[in-house]
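Report on the following structure.
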Amino acid sequence: MKNISKLSIVTILLVSSLTIMVGSVIAPALPSIVENLDFKFTPGLLVTLPSLGVVIFSPIIGRLINKLGPFQLLCWGLIPYAVLGFIGFYLKNNYLLIVDRLLLGAACVAIQVAITTFIAQLFEGKDRMKMIAWQGMAIELGGVLFLSIGGFLGELNWTFPFYIYLLAIPFLIMVLRSLPKANIKQNKSTYTNDDSDEKRFEKRIMKPVFMGSFFSMAIFFVAYVTLPAYLPKQFSFTESSTGYFMSAISLVAVLTASQMPNITQKLGEKITVCIGFLFFALGYLLFGVTLEIYIMYVGVVLTGIGFGLTVPLLNHLVVEYSGEMSRGKNLGRFSMMVFAGQFAATFVEYIPGNSFYIFICTAFISLLVAIFLYIFFKRNN
């Protein structure tokens with residue numbers, strides 16, 4: 001680990017938390033927001049459109065990171081993040097609102113790629129693994145706080161959740177004060193891209209990692225798209241109750257991510273990812289078959305474990321198996337697949353039938369992904 005202050009670490013973790021809230025912070029108050037903005041399209045789009053923005057702009061950001069460096073890219077991401085997120089409730093025109101949410105996704109991917117590049121440059125080996133685990137915890141803890149606060153504020157006034165985006169401004173001040181402005185020279189990475197065999201291995205290992213990234217976030221975000229409408233209808237939840245329920249998933253993910261280094265040391269990284277998808281399958285299976293709220297909370301625990309064992313670990317695999325010159329590009333692709341998964345979750349609303357079919361289909365897909373990844377990793381051990 002390079003010389004880095006505690007304030008720098010705190011800054012990295014706080015800024016990381018912004019990536020989870022880009023769409024989800026308004027989720028608990030989504031019915032009220034859709035009604036007041038007179039949004040004519042599928043309600044879930046307001047949550048997932050930033051994800052589509054990430055997908056569109058990720059290739060550009062992946063190239064910019066090598067030209068601008070993480071510090072400049074991060075600063076240029078935080079400013080529009082605050083502005084575009086905040087002005088959402090002013091935009092009564094549906095098409096302007098759609099453009100705003102798409103551009104918010106561009107700001108988000110700039111933040112994610114820049115902050116992960118900082119981690120790659122400032123930390124090495126076990127320290128890097130630990131920091132990525134902490135980053136996963138920070139992201140999910142942000143989910144806990146922002147969903148809870150978003151639900152609470154949404155009950156007071158439908159516009160209040162949009163004010164949370166302004167947190168990017170004090171975080172920008174912390175970035176200016178604590179993070180290095182110049183690129184940091186790195187020691188030779190595990191994969192340098194100098195050897196053709198290593199290049200081939202990198203390409204081969206990245207394919208399932210990117211696929212796993214897509215499905216892990218798509219599966220996770222099914223809850224964000226379906227639960228805001230399902231819980232009030234089935235269990236008479238208020239907006240704040242919905243926010244607390246959904247934030248519980250993130251809380252479990254935080255606790256799981258905190259143990260990720262210990263778990264991977266015992267089971268191995270690739271097996272741990274497969275197990276994470278099995279937990280997803282069990283969680284959504286319970287969501288689909290039960291009408292009891294306490295069983296729903298068991299599903300919350302299982303789903304949270306699934307997320308905590310997949311997305312942070314897949315992020316680590318991208319950093320670990322990327323050469324220095326290809327890391328920015330691979331992180332851009334990772335962001336693209338993660339947020340493409342978020343956007344894809346929108347389309348579960350078009351599955352025929354009620355929420356039962358959505359949850360069961362999600363559980364089945366989770367199982368298939370776990371099996372596929374296990375077979376691939378076994379063959380390429």
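Each residue, glycine too, has its Cβ placed from N, Cα and C.
Residues or ranges marked as domain 'Major facilitator superfamily (MFS) profile' by TrEMBL: 8-381.
The transmembrane segment annotation in TrEMBL covers 41-61 (among others). Using a Cβ-Cβ cut-off under 8 Å and counting only residues 6 or more beyond its ends in the same chain, the transmembrane segment (41-61) has close neighbours at 22-24, 26-27, 30-31, 33-34, 73, 94, 97-98, 101-106, 108-110, 112-113, 221, 224-225, 229, 332-333, 335-336, 338-343, 345-346, 349.
Annotation comment: TrEMBL describes 73-91 (among others) as transmembrane segment. Remote same-chain residues near the transmembrane segment (73-91) are listed as 15, 18, 22, 26, 33, 36-37, 61, 64-65, 97, 100-101, 103-104, 106-111, 113-115, 118, 158-159, 162-169, 171-172, 175-176, 179 (criterion: CB distance under 8 Å, separation of at least six residues from the stretch ends).
Taken from TrEMBL, the feature transmembrane segment applies to 103-120 (among others).
Sequence-remote contacts of a segment are chain residues at least 6 beyond its ends whose Cβ falls under 8 Å from one of its Cβ atoms, and for the transmembrane segment (132-154) they are 9, 12-14, 16-21, 24-29, 32-33, 115-116, 119, 160-161, 163-164, 239-244, 246-251, 253-254, 257-258, 260-261, 304, 307-308, 311-313, 315-316, 319. Among the features that TrEMBL reports, transmembrane segment is placed at 132-154 (among others).
For 160-179 (among others), the entry in TrEMBL reads transmembrane segment. Listed as Cβ neighbours of the transmembrane segment (160-179) (distance under 8 Å, sequence separation of 6 or more from its ends, same chain) are residues 5, 7-8, 10-12, 14-15, 18, 21, 25-26, 28-29, 33, 70-71, 74-75, 78-79, 81-82, 84-89, 118, 146, 149-150, 153-154.
The annotation transmembrane segment is assigned in TrEMBL to 209-231 (among others).
Long-range contacts of the transmembrane segment (243-260) within the same chain, counting only residues at least 6 positions beyond its ends with a Cβ under 8 Å from a Cβ of the stretch, are 20, 24, 27-28, 133-134, 136-137, 140-152, 154, 220, 223-224, 227-228, 231, 237, 272, 296-297, 300-301, 303-305, 307-309, 312-313. Marked as transmembrane segment by TrEMBL: 243-260 (among others).
Taken from TrEMBL, the feature transmembrane segment covers 267-287 (among others). Long-range contacts of the transmembrane segment (267-287) within the same chain: residues 212, 215-216, 219-220, 222-223, 260, 295-296, 298-310, 313-314, 316-317, 355, 359-360, 362-364, 366-367, 369-370, 373-374, 377, each at least 6 residues beyond the stretch ends and with a Cβ under 8 Å from a Cβ of the stretch.
Same-chain neighbours of the transmembrane segment (293-319): 116, 119-120, 128-129, 132-133, 135-137, 139-140, 205-206, 209, 212-213, 216-217, 219-220, 223, 235, 245, 248-257, 260, 263-264, 269, 272-273, 275-287, 327, 330-331, 334, 338, 366, counting only residues six or more beyond its ends whose CB sits under 8 Å from a CB of the stretch. Annotation source TrEMBL lists transmembrane segment at 293-319 (among others).
Residues annotated as transmembrane segment in TrEMBL: 331-351 (among others).
Annotation comment: TrEMBL describes 357-377 (among others) as transmembrane segment. Residues 208, 211-212, 215, 219, 222, 226, 270-271, 273-275, 277-278, 280-285, 287-289, 306, 348-349, 351 of the same chain, all 6+ positions outside the transmembrane segment (357-377), place their C-beta atoms under 8 angstroms from a C-beta of that stretch.
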Tell me, what is the mean pLDDT of the domain 'Major facilitator superfamily (MFS) profile' (8-381)? 85
